[in-house]
Structure formats: structure tokens, C-alpha cells
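Engineer: Dropping the structure in here first, questions after.
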Amino acid sequence: MAASELYTKFARVWIPDPEEVWRSAELLRDYKPGDKTLLLRLEEGKDLEYRLDPKTKELPHLRNPDILVGENDLTALSYLHEPAVLHNLRVRFIDSKLIYTYCGIVLVAINPYEQLPIYGEDIINAYSGQNMGDMDPHIFAVAEEAYKQMARDERNQSIIVSGESGAGKTVSAKYAMRYFATVSGSASEANVEEKVLASNPIMESIGNAKTTRNDNSSRFGKYIEIGFDKRYRIIGANMRTYLLEKSRVVFQAEEERNYHIFYQLCASAKLPEFKMLQLGAADSFHYTKQGGSPVIEGVDDAREMAHTRQACTLLGISESYQMGIFRILAGILHLGNVGFVSRDSDSCTIPPKHEPLSVFCDLMGVEYEEMCHWLCHRKLATATETYIKPISKLQATNARDALAKHIYAKLFGWIVGHVNQALHSAVKQHSFIGVLDIYGFETFEINSFEQFCINYANEKLQQQFNMHVFKLEQEEYMKEQIPWTLIDFYDNQPCINLIESKLGILDLLDEECKMPKGTDDTWAQKLYNTHLNKCALFEKPRLSNKAFIIQHFADKVEYQCEGFLEKNKDTVFEEQIQVLKSSKFKMLPELFQDDEKAISPTSATPSGRTPLSRVPSKPTKGRPGQLTKEHKKTVGHQFRNSLHLLMETLNATTPHYVRCIKPNDFKFPFTFDEKRAVQQLRACGVLETIRISAAGFPSRWTYQEFFSRYRVLMKQKDVLGDRKQTCKKVLEKLILDKDKYQFGKTKIFFRAGQVAYLEKLRADKLRAACIRIQKTIRGWLLRKKFLRMRRAAVTMQRFVRGYQARCYAKFLRRTKAATVIQKYWRMYVVRRRYKTRRAATIVLQACLRGYLARNRYHKMLREHKAVIIQKWVRGWLARTHYRRCLQAIVYLQCCFRRMMAKRELKKLKIEARSVERYKKLHIGMENKIMQLQRKVDEQNKDYKCLMEKLTSLEGTYNSETEKLRSDLERLQLSEEEAKVATGRVLSLQEELARLQKDLEQTQSEKKSIEERADRYKQETEQLVSNLKEENTLLKQEKESLNHFIMEQAKEITETMEKKLVEETKQLELDLNDERLRYQNLLNEFSRLEERYDDLREEMALMATVSKPGHKRTDSTHSSNESEYTFSSEIAETEDVPSRAEELSEKKVPLDMSLFLKLQKRVTELEQEKQVMQDELDRKEEQMLRSKAKEEERPQIRGAELEYESLKRQELESENKKLKNELNELRKSLSEKSAPEVTAPGAPAYRVLMEQLTSVSEELDVRKEEVLILRSQLVSQKEAVQPKDDKNTMTDATILLEDVQKMKDKGEIAQAYIGLKETNRLLESQLQSQKRSHENEAEALRGEIQSLKEENNRQQQLLAQNLQLPPEARIEASLQHEITRLTNENLYFEELYADDPKKYQSYRISLYRRMIDLMEQLEKQDKTVRKLKKQLKVFAKKIGELEVGQMENISPGQIIDEPIRPVNIPRKEKDFQGMLEYKKEDEQKLVKNLILELKPRGVAVNLIPGLPAYILFMCVRHADYLNDDQKVRSLLTSTINSIKKVLKKRGDDFETVSFWLSNTCRFLHCLKQYSGEEGFMKHNTARQNEHCLTNFDLAEYRQVLSDLAIQIYQQLVRVLENILQPMIVSGMLEHETIQGVSGVKPTGLRKRTSSIADEGTYTLDSILRQLNSFHSVMCQHGMDPELIKQVVKQMFYIVGAVTLNNLLLRKDMCSWSKGMQIRYNVSQLEEWLRDKNLMNSGAKETLEPLIQAAQLLQVKKKTDDDAEAICSMCNALTTAQIVKVLNLYTPVNEFEERVSVAFIRTIQMRLRDRKDSPQLLMDAKHIFPVTFPFNPSSLALETIQIPASLGLGFISRV
């Protein structure tokens, strides 16, 4: 397809722009050939008519598709041109915050001017071992590629780092060296890699300075060779430096600084050790204040000085040399302050006693007068004479500055030499990687000699770079068998010839320097005459005769000739140098020695591949007037030579290129200046690389990748079985011009733009497919909507019609109901009318009849009432009289009662007022409700009392009324008498009327009182009700408060519970951290232990090599045994005898167990002897402290001492006797020459063993009996004596007290007589005691003698018993014991015949001894049964040995040999779950059971954990025998053997899993049968009987637990090594769901294919490996909880490695890849469900990966999306979330990129989250492991030992 056909409507192009360099625009109409203009629309919406160049008619550059923007490799772009490169870099740098980009073989690094978290240890580990194209671009990827090619190709490598000042060259080189130091490590313990890194701060301090472009600009070039040995570990380094900018020492431009070291010295001037330097602030020195910027923001010079001194110390520069360096540097500063005074125009002088000069001379150790003289004079030598000539002030100043520069240059070279010496290694260098940190192409407004040399070096490097790129392109084409056509590329050889050829610029410059009167002007004229108009690359400026222009590969540069000659000659006066050489300061002359140790700043090693062990020998720079030729060489000549040597070195290595770009001149972080970037891209050769690639076939696809990407463009019939043929067939249809592509062996090569065309076809096809899918789905959605609406309409109609029908039915029901209601209503009305009329008629009749009856009744009633009236009138008259009298009486009573009532009323009013006051004061108070209630009750009681009083008054009134009635009757009787006093009655009637009035008034008052009482009662009731209401309210408030308190308490409880849960979690985390730290320490300990073993083996090997005649004894067992040997009851004194036994061991190796047992017995007796001796010494000290008491009882103490001495003597005699017997046995054994006699199965050997056992038991019995008898005797004697002593002492005390109380002489005389009698009594008692003690001592001596005789007799009987068979021997010993006890019984019965109590105590002790004997008899019976069981095992072997011996023995020997009786053992089936083995078989046991055991066969054929059970049963038997040496030896051998196996086969998963399982089972067995209650809960009764009885092995359990932890960590490392290669390929790269993700175009550095080719790993590979791990662990019987922890660790490794690679691979961060990851994770979860491991915590370890996959798939546009992402991604850190969003890359055009604003929104929302700033997960993290107790239900006695293990020497017990 023609390129012009791509310029269609809506196509996007790049057009030049003066401000932005390139601008993007869109075509508004199709381009047709012949058009002179293009109608474009810019991105801001402005339309533009772009005119084409009429000459070239070149169309503007096409813009790449959006999916190709932001690619890791610029060569992956379809259109390779300058705007595409610039745009891609800008998008990656600004939008994605990515500073590294590949451009073919070049790594482009843009300085971010900001610290980025992408250089940590985790990033280094992530890039280590990875292919360069598999990870995102990084300086570590380049370093890894160089390291890998060095190891793979056996070829030296170079990393060339170049760029402008401030572009980040030094930092990039520093990180590359740091990568090598971290990945490779050092071959020795000297930490060479630390020294290599420590050289950076030193070189930066003396070679870096602040410039206007960079705060830490390197002002010299350096090439560091890092040497490696055959194992590719760092062994040393060597540094070469180039073209130090010496002029900076004496001059700095505005806003610049001198070298950092000067300012560091000034900042540290106050240190005590720097007082002698007499330094001050940097502003006080001429050489440091010229720039006017002595401080760099954010840099502490004093702290940097400390770092520099620390680095010097690390590199071996002593403190004295450091102070010497600082003295010289301080002297340079003081020299800069030396001032000159002009005497005339041709001479000058220095002021007398000039302080700066005197300080300089003191520091340098030179004479003041000499230096002062030669600073102002110079020596001129002619052929015949020598003249001393004064110089002018200007010349003196220049000479001073030249001297300062020369001193600094020499010091710089001296430091570089010492750094190289510190980095030098004596080990032979196998290969090296060189890191070149050199200045990039420079062009300024004024360019001088330094810029000329820099650009000259860049010309050479660019030529080498072009040739290398061209070579790689050619190799690629030839490899793929593509027809090779010569690509025209820029060759800068003419420019190099212009500079360095004969009569070139440098040659003419050197020639002019040799001329006596050569100047810059004459040199410029020579340049014009030689090259102007003859060389196209050389030009002369129009307005200048002192400058020239060179057309470099990057740009034209104008150089000013002024200063070229002076800088090239680098003149310094010889006289000044001689003064310095005569210095008393020893270090200063070293700088000027003309030997091999003096290194020039511009010198280099003679060869580019000089071994690191050789010191560079290039001499120093030339100085006029010196005798040697080397010092006559100019700077340019030396630089040219060193540059040639550098190019030879680079050409002999494989180069790797890093081009550093400075994005802006203002050091703003992540700010991109297109103009500056384009200048540097042109200068550094990146665009040239692009041009070379674009000239051929820049786009390259493998056939599989092409098929996977463009499968959508193929029809089914086009797909063939052969992918190559399919791709050819499709391409012929898609691209008609066959020149646009070529088919290689494995790849398809495309011309520039063809991939974009294919992408356009693919996008169109996908867009058409999307439209068709949208059409179909929209139709389906609308039809679905229509059907839903139709169903809704039908449903609505059905409901409406039903509603209408129900309404009509309701109308019919109402009509019928109304008719019925009317019928019944009418009937009701008629019936009611009838009933009304009938009732009215009946009423009329009744009224009429009633009226007639009432008339008759009234008539009769009137007649009757008339009679009654008459009767009552008469009565009234009588009563009237009575009432008058009564009223008078009542009136008097009322008056009195009124008075009393008023008083009572006052009281009631007072009480009422008090109640109201009480109510006002106390209303609403809850705490006084009860008091008020009580008062109300009291008032009610008072009211009741008043009512009772009122009732009593009424009763009184009634009684008085009755009395008055009686009086009235009496008065009626005396009516006649009253008639006499009529007047008096009238007065009384008046009185009575008045009283009646008073009574009425009283009654009214009574009513008012009652009303007030009722009102008071109501008020009281109201008060009570109010109080009740208030009480109710208070209760409600109380309830609400209680409810609130309950809720608050509930909240507090919940809060406390949450806090408790959080604290519990925190404690668990702390516990896990502590476990992790402990296990890390164990891991470190095991690593150091392995290192120690390796060193020990190396030392042994060295000893073996140095002494070939000496054969080293294997001491592994002894050393390891001592490592795990813990304290026991046996002292360490047995070490000396054990050493003495070595000789006898060599002679008789098979008698080791016998010898050790005898030696053990002797040691025990010696220990007991030592204990007795200590006890004796302690009692002697007690005796000395209580000497007074001992004098009172000397005989008793003598008896005790005699008893102790006798006991000690007896023990010594027994010890000597046993030693003699032991020596005799040794002698007898050594004299025997026949090995079959002492063989383990031989009869003589069995006899010896039985003799030893019987002797040991008999000695124990004898010793215990003797001690018991003697203790009884002593106790009996002490029981007899205290009575007399007590009485005597008491009497004496009383007598003394009585003597003190006596006063008169009579009493004293009587006391004297009594005292004499007492003395006599005491003397008699003492004599009797003495006699008794002597008798007892004699008896004891006799007893000792008898015991000795008994001992001798026992020994004789023992010797006799040894000749008997075992059964007869036991019976004889028992018979002898019974006889002895009978004799003792008779003896003691006679002895204690007079004392029945003593005899009874003796009988009790005798019974005890008999019980002990019975117990011993039972033990012997058990021993017999055990021996019989052992005989079963050895019977066959003994028979075989005897047969073999019979074949070798002569007939005479057979006759002499006594025949032993053979006992046929009885078959025993009652096993105790123990295994017995002999001491000498321990190594064989360990060898067969551990060292040579094959896990696979054991796991398949035998029960899980069988070795652990066997070992524990052997430990049980040793515990049963109470043999601690055997227990320790077995456990130590077991632990060391397991370690040895794991060290030998530690990479085999089955071996590590097998021994982890068995170690845990062994640990569980030690716990289960330890006898501790916590471990015995799940045991059966039989298992509890098998518990250990004699030893507590808790310490060994801890050792085994530590061993299990180490094995677990080793298992995890094995898992990681197996899974590591599978994870990235299976989880990320492989397309589990085919067709979801397409392959994007890649650049020169191809990534691993995501298609499952042969040999690549898939998810099924990971699952199969997981199944394999799980099945192996299950077969080995590993604990389920431990399997869960292993699975959790495996899943963590999978998740961490996958996420780390996802975060470092831009091509993996897409929507489709998120779907693939989620599917893969679901498959892993399904695997967990199948294995019932969902509760293992493994799924939680995948949570960060799951959230990262979800983050790739969720929407990323709005604020709601941001909120959802923040809440969803709680397992990811902020750095990880932002990184994923920055890396998100659409695979297809219909996907959208994440905007920068959205990422900033996410950052703002997550800024308060407190999480780790670390980007990557720690893939090496190992969770702390625990071993939960898991008891076994397997009975030990049922375990059978298979013959395949080769453990026939072990017998079951």
C-alpha cells in the first residue's frame, strides 16, 4: 500500500511548530497526489491550511495509533520519526511518570528531578534473572542484561552512560554498580561490593561541583571496571579518569561552586581535628566565593563530609592520610588568598609576613621565604646561563593559580590511585563489566578547550555506537535470512579526521604550543589556512577571526580560540614544584614522584583489558621544563591517547548504552521541555538509531504473534495447520506491495507504517464487528422491551376488565339488597304504627281508671289526715315548748363549741400554710417524695382524727339531745309548774330562738369547715397526684437514664470488645513478627552453620593438600555432638578418660560398649568419692566453727569422723579394686588375638557382658547395704547419747545460775560441795561413755573386717557364678543372698537379745531390704525377658557366626573350646513398644535409617513417619535403661544426620518434605510420650504406659522444633525455586482464555510469547505442580495444619511474584489481562476447594492480586469510580494503586486511557491512608510457621520394621 493512501480524512499528522517543535493535527479531507496544501484542524479546534514544500513535496509525518503511544520500546512504533519519538517519551514521562524507555539497544533515561521509589532491594530482586524485554525499561534491566551476557557469552561487557550535565549520568552509573554489588555479592568476606559503592561519595566530593545546570555535576569522566571471578562474584574494581576540569579550582562562574570537598571542609572547620587547618567560612576564601552560591539547597556539607570520611575509612585510607589530604586541600584554599603587590610593570612582591602564605607554608611544610620568592620570580635557562627573572602581578597570579590546579590534579590522581589500590584483588580476574560515566555533547554560548575535548570524545563514542547498531541490524537480517541491502547511515569519520589526523586541529595545536612565541591568534590563522574551504565540516565565523566552527554529528559548534594554548600546555613553574618536593610533609612529595604510583588525572592504563591486579602505570601530565618526555606531552595529546585506549576497551567488550536526557533547565520535577529534549535526542544518537531502524524493516513479528494479533483479519478457510504459510497467505491479500514486508525464518519484517496500516484494518474489522454486535444486542434489547411492554399491557387490560366486572356484580348485589331492605323497612313502619296506637289506647284506659281510683283514695285520705292533724297539732304545742328549752341549752353548748372550733381552725390553717410551703419548697424533688408521702399520710391520719372528733361531737350532741329530751319529758311532767312561770318561759323562748340562730350559725360554720376540709382533702389529693405524676416522670427519666446507661455500657462493651479484638490481632501480629524474627534468626544461624561447615571442609582440604601424608580423622560426629549436648547428671570429667580410650579403641573397636560401661562405672564411683570428700570437708568446717560443742562430745564426733573415714576408705578400696579389674579386663582383651572371640555374637563376648551386668548390680547392692547398716548404727548410737548429755548440760546450767545467785559464804560452801559431787558424777558418766564408745568402735572395726571378708567371699562367689549358665547363676546368687541374710539375722538376733527395741528396728530395716530385694528380683526378671527377646534376634546370627568360626578353626582348637549350654528362648508376644540396639550399632542405625534412606520408596510402601517412630522407640529403650549417654548420642546423631541429608539433597522437594514430616512426627512423639498432662489427653491407657520415665527431653524438643523450622524454610525455598519460573508465564503471559487479549506490537527487545509453545509454562503447569506438592506431602504423612501453612506460603509466592511483575510490566496492565488474572485466580481457588484447603488462609494471600485485577477492569472516569476504587482496593498500597493506573494501557482502540486528573483524584482520596510506601511485595517473605501438637493413634507395639530398611540388628522389646 502506498504511503500517500494513508493520508485520508480524519488521519492524524505531525506538523513543525516553532514553540512546541511538533504539533498534532487532523486531516479534514483526503489527500490527492498533486495537492499543494493540506486542510488540517489542530487539537485546539483551529483550522489550518498547511502548504507542502514545492521542492521536496514531503508530506507531514503520520501519527501512530493511540494503542501504540506510550510503548516501552520506541522501535515498536509503526511510524519511526522524530515527532513520534518525542511524543512517546513525553506521554511516558508526564502522564505515566515513567523515566525509562528503550530505543532499540539504547536505554533512554529522563531525569525526573525527584526521588522515585524504584531503586530498592525489592526492585533489584524483581529484575534479577529476568530477560531484558520481559520487564519494563529500567537501568537494572540493562545491568542484568550485561551481567547475564557476561556469564553466558564469556565476554566482557561495558555500560556506556552519557548525557548532558544534569541529565543523571552519575546517578545512573551509581545504580548500575549498586545492582552488580547486590546481585553478585563478593567472593570474600571483605565486602568488596561495599567498597565499590563507597568509592562514589569520595569521587563525587573531589570531582563533582555545582553548575548552573546541575547541583552535582561530574567534572571529569570515569570508567570503572568491576572484576568478577569464575563464579561471577565481585572480587575488585579499577577506575580510570578522564579530563578533570582543573580550571574550576581557581575560577567559578556566577551561581556555580568549586568542588564539593572544599565546602565540606569549611562546613566542618569547627571540628577539633580541623583546628590546625585554620579554616573559616567558604565566603572567606577566594577560590570558593567567586560563584556567589556557597550553599546548595537541601545539602548539608558537614554531613556529606562525614560520609566522605566514612567512605575513606572503608576503603582503607587511614586517618593520617585523610588528614594529609585535608591539609593539602586547606593549603590550596589558603594559597588562593595569597595577594601580590606591584612594584612596577614587570615585577611584584608579596607583603611581609603575609598570613595566607604563612598558613599555606605551615600546612605544606615548606619554607616561607622560598615559596614567597618563587611565587614572584621564575628561572630562565639558556644554553650557557640561567637567569632569575621577576614576573608581573598578572603573571604571578596566573602562576599561583596554575600551582593550585597542579596540586589539586596531583592530589586527585593520588586519591584515585589509592581507591584503585583498595579495590584491587589478589584473586585472578575472570571477566569484568565496565561502567563509563562520561560527559555528553556540550554546546554553550562560549565554547573553549574543555568543550572541544568533550565533543571530540562524543564523536568517537557516536562512531562506535553507529557501528554497533549497524552491526546488530546486519546480524538480525542475516540470522533471519533477509536479503541485505546497504543502509546509508551518518559516518562521522571525517569529523574525527578533522580533529585527530595529521595536520588536524589537535596536531596543529600541539605544534603551536611548541613554538616559542605561539599564540591563539597564530594558531587560528593556521587552522584557517589548512582547513577552510578544504573541509566541509570546518567553517569560519563571519564576524570573528579568533573562532572556528565544526559541524559535529549533533550540531554546529563555534569554539573560541582564546585560552586553547594555555590550557593545552598546562604550564606550571618547575621551581615551585621543587619547593613542594622538598617539603617536610611526607605526603606532599609523594604526589610529585615520577614513578608508577603517581597517576595523572588524564592517564589511562596501557590496555583496555588490563587485569585488576596490575596498577596503571601511565605517567603524569606534561609540564614545560621537566626532563622526562611524559611531562612534555600536552593535555590534548594525552587525552587523545587515553581516548584511543578507551575505545579499544569498548570495542573489546559488548556495549550497552544508556542515554540520559535532561527534561528542562530549571530542575522542575516531571516537566518536559520539547526543545531541550529534541536537542539532546539528536546529540545522543537516539534519533540516528531510529533512522537506521526505519531505513530497513523496523517492525518485526514472530509468526505466532502475528497470527494471534491479526487472527480477526483471517477467514476460516485461510487458517492452515502451518502458521507460517497462513501468515504468508493472509499478508499477500492484505498488502499487495511485496516490498513492504519480508518473511524471515522465525519473524515477519515490515516496512515503516505497515503495522499501522494492519492496525487500521484490524481496528476497522473490530469496529465493524462491534457495530454488528451492538446492532444485534440493541435489537434484542428493544424486542425484549417490546415483549415486556406487551405483557404489561395485557396484564393491565385483564385487571381493568376484572375491575369493571366486579363493579357490575357489586351493583346487582346492592340493588337486590335495597329491595330487601325496603321490604323489611315498610313492614317495620306499619308494625310500629300499630304498636303505638295500641299502647296509646291502653294508656288512656289506665289513666282514666287511675283517676277514679285516686279520687276515692284522696277522699279517704283527707278524712284520715284530718284526724292526724288534730293529733299532731296537739303534739306540736307540747314539742314547741320543749324546743325552746332545748334551743337555749343548745345555744350555750354551741357558743362553747364555737370557741373550741375556732381554736382548732387556727391550728388547721397553720398546718395548711405549712403544707403549702413544704409543697413549694420541695416540689419536684425526687429524693423527698417519700417524706412528703409520709407527711400526707400523717395529715390523712390527722384528718381522720378530726373526723373521729367530729363524729364524737355528733355523738355527744345526740346524747345531749337525748338528755334534753329526757329533761323535756321531765319538764312536760312539770308543765303545770312551768305554767306558773309563764313570763319566765317567754324569756326562755326568746333565749331559745337566739340559741337556735346561734345553732344555725354554728351549723353554717360547721358546713364551711367541712367544705374547707373537703377542699383541703382535694388539694392534698391533688398534691399527692402531682407528686405521683412527678414520681412517674422521675421513674421514666430514671428508666430512660438506665436505658441510656445500658446502651452506653453496651457501646462501651462493644468498643472494648473491638479494642480487645484489635489488641488480640495486634498481639497475634506481634507474636507472628516475633516468630518470624526468631525463625529468621534460625535461618541465619543455619546459614552461618553451613558457612562454618564449608569453611571447615575447606580448611580440612587445605590441610590435606598441604600434608599429603596425614590422613584426617572424621570429627563431624564429635563436633556436632558437642553442639547439641546438654548438661546432665554426669560431670564432664569423663572427657579425659575418653581421650585415653582412643588407643584401645583402635586396637579393639568391637569392645567399645563394654569398655564404656566399665569406664562409666568407674567414673560414677569417682564422682561418689568426690561427693563424700566434699561432705567430709563440709563437716570438718562445721566442726571447726562449733569447737566448744565438739569438746563436750569428743567421742561422738570421733565416731562420726571414723565412720566417714571408713566409708571413704571403703569407697577408695572399691574404686581401686574396680580399676584393677578394669585394667585386667583391658589386658585380657588386648592379649586376645582372635577377633571372633570378641565379636558381638561370640559366647565370650556374651559372658563378658553378663559379668559386667552382674558385677555392676552386685556392687550397687553391696554399697546400698553397707550405707544403710552404717547409717542405722550411727542413728542408734546418737539416740542413746543425747539423754545423758542433756541431763548433764541442764544440771551444769542450773548450777551456774545458782552460783550467780548465791550471796553468803554458807551458800557458796554448800554449792562447792555440790559441785564436787557433780564433778564426780560427770567423770563417772564420761568414763562409762568412753568405755561404751570404745566397745562400739571395736564392734564397728570387727563389722568392717567382717564386711571385707564378706566382700572377698562375694567376689569369690561371683567368680564361681560366672562359670555357671545364666539360669543357674541367678539361682546361685539368690541362694547366696538368702544364706547371707539368714546369717545376718541370727547374728543380729544374738546381738540385740537384751534390747528388744533395737531388735525390732533391725527387723524393720531387714523387711525393707527384703522388699528392695524383691524389687531387684522383679527387675532381673524383666531383664531376663528382655535378654530372651534379644536372643531371638541374635540366635540366627550367632549360629551363622559359629558356623563361620567352625570352618576357620582347627580340630585341636575345637577340642579345647568348652561347650556352652544353649537355652531355647520362649516366644514372647507381649511387646513394650521399644527397640533395642547396641551402642556400636548407632552409626549403622543412623546410616540405614536416615543417610541412605530413599524417601520415595518409604512414602509409597511404608506407613508415614516410620523413621520417626523407629527413632523414638530406640529413645524409649535408652530411657528404659536409664542410659543418658545413649539418649544424648542417639538424638545428636539423628539431628546431625538429618542436617547432613538436607545439606546433600536439599534441592529435592521429596527429601525435604519427607524429613520435615518425620521431624515433626518425632517431635510429636517426644511430646505425646513425655508424661506431661497437657500432651497425654488423647492417649490410650496403653500409650500412657509407654511414656518416658527417666529423662525430660524438653530441651531436645526445642532443638527439634528449631530443626523443623529450618527444614520448613528450606522447603519453602525449594518450592519457590520450582514455582518461580512458572508463575509469570502461567499467571500473566499465557492466555488461559484464548482470544481475549491480543498481542501488541513489540520492539527490538521481544517479550516472552504469551502463546503456549512447547516448553512454556501455563496455568495447568502450576496446578499440576501444586497437585504434585500436595500429594507428596500427604504421602509423607505431613500434619494437615502444616500442609495448610505450606499451601498458604505457596499461594503467597504466586500472588506476590505475579503482582510484582504486573507492577513492572506496562504491557500486562490492560482490561483483558485483568480478566485473565481473575480467571487464573478462580482456578487456584477451585483447586483449594477440591483439596479442602479454603480455611488455610491461602485465598487471603491472593487478595492484593485479585484487587489489582479488579482495578484493571473497573471504570476509571468519574469521582464515584474513584470512591469505589478506594473502598475496593484496601489490600493494595497507594503506590501500587497509582502505579497500576499509570501503567494501564489499552490493547484495542475502543479502550480508553486513564486520565491524569483521575489519578490525581485517587491520590487525593488516598493521601490519609497510612500504608507502606514500598511498591513491590516481598516475594521472599516467609510466614512464621507453627507446629500444633498432633498426637498419633498408632500403637508403638504394633509397628513392624520391614526388612528393606536393613535394620536387622535392632530387636523389638
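Heads up, the Cβ atoms here are built off N, Cα and C, so glycines get one too.
So TrEMBL has the following annotated:
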type	residues	note
BINDING	Gly163, Glu164, Ser165, Gly166, Ala167, Gly168, Lys169, Thr170	ATP binding site
COILED	915-1105	coiled coil
COILED	1155-1231	coiled coil
COILED	1323-1364	coiled coil
COILED	1410-1437	coiled coil
COMPBIAS	600-610	compositional bias 'Polar residues'
COMPBIAS	1116-1130	compositional bias 'Polar residues'
DOMAIN	8-60	domain 'Myosin N-terminal SH3-like'
DOMAIN	69-763	domain 'Myosin motor'
DOMAIN	1532-1808	domain 'Dilute'
REGION	596-633	region 'Disordered'
REGION	643-665	region 'Actin-binding'
REGION	1106-1144	region 'Disordered'
Engineer: Which has the fewest other CB atoms in a 10 Å radius around its CB: Ser165, Thr170, the listed binding-site residues?
Structural biologist: Ser165
Engineer: In the same chain, which residues outside the set Gly163, Glu164, Ser165, Gly166, Ala167, Gly168, Lys169, Thr170 have their CB within 8 A of the centroid of the CB atoms that define the ATP site?
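Structural biologist: What remains near the Cβ centre is Asn111, Asn214, Ser217, Ser218, Gly440, Cys660, Lys662.
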Engineer: If you average per-residue pLDDT over the coiled coil (1155-1231), what number do you get?
Structural biologist: 56
Engineer: In the region 'Actin-binding' (643-665), how many residues does DSSP put in helix, strand and coil?
Structural biologist: 9 helix, 8 strand, 6 coil
Engineer: Looking at the binding-site residues Gly163, Gly166, Gly168, which one has the fewest other Cβ atoms within 10 Å of its own Cβ?
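Structural biologist: Each of the binding-site residues Gly163, Gly166, Gly168 was scored by Cβ atoms within 10 Å; lowest is Gly166.
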Engineer: For a three-state summary based on DSSP, what are the helix, strand and coil counts in the domain 'Myosin N-terminal SH3-like' (8-60)?
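Structural biologist: The counts are 0 helix, 24 strand, 29 coil.
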Engineer: I'd like the Cβ neighbour count for Lys169 (ATP binding site), meaning other Cβ atoms within 10 Å of its Cβ, all protein chains included.
Structural biologist: 27
Engineer: Write out the long-range same-chain contacts of Glu164 (ATP binding site), meaning residues 6 or more apart in sequence whose Cβ is under 8 Å from its Cβ.
Structural biologist: Arg213, Gly440, Phe441, Glu442, Cys660, Lys662, Gln680, Ala683
